[in-house]
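Chemist: Mind having a look at this structure? Questions to follow.
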Amino acid sequence: MEPVDPELEPWNHPGSQPKTACNNCHCKVCCYHCVYCFTKKGLGISYGRKKRSQRRRTPQSNKSHQDPLPKQPLSQRLGDQTGQKEQKKTLES
């Protein structure tokens, strides 16, 4: 084992940093690449801000998940009494 220079910071000691850069691969070799990769990829620990979970929204295409109501004439929607009386007269005769 080589003697370490006491004036050198611990993160600059020889062998403290890997020779290759970290990547996004999650294979077994890359998970054990360095301590950071092990905690991030191997253990799945992230110390960043947590994203707020969003509510599930209805898709834009299906807003109500229901069939649209058939269009009715204005007189039937408002309950026009004259139209109903005429219909009753035709039914009676």
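Cβ coordinates are placed from backbone N, Cα and C, and glycine is handled just like the others.
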Chemist: Out of Cys22, Cys25, which does Swiss-Prot tie to the same Zn(2+) 1 site as His33, Cys34, Cys37?
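Modeler: Swiss-Prot names Cys22 for this Zn(2+) 1 site.
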Chemist: What are the non-local neighbours of Cys25 (Zn(2+) 2 binding site), defined as same-chain residues 6+ apart in sequence with CB under 8 A from its CB?
Modeler: none
Chemist: Quick one, of the binding-site residues Cys22, Cys27, which Cβ has the fewest other Cβ within 10 Å?
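Modeler: So among Cys22, Cys27, the binding-site residues given, the one with the fewest Cβ atoms within 10 Å is Cys27.
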Chemist: Near Cys37 (Zn(2+) 1 binding site), which of the recorded positions Cys30, Lys51, Arg52 can be found within 10 Å, Cα to Cα?
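Modeler: Hits: Cys30.
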Chemist: CB neighbours of Trp11 (site 'Essential for Tat translocation through the endosomal membrane') within 10 A?
Modeler: 7
Chemist: To the nearest whole angstrom, what is the C-alpha distance linking His33 (Zn(2+) 1 binding site) and Cys27 (Zn(2+) 2 binding site)?
Modeler: 10
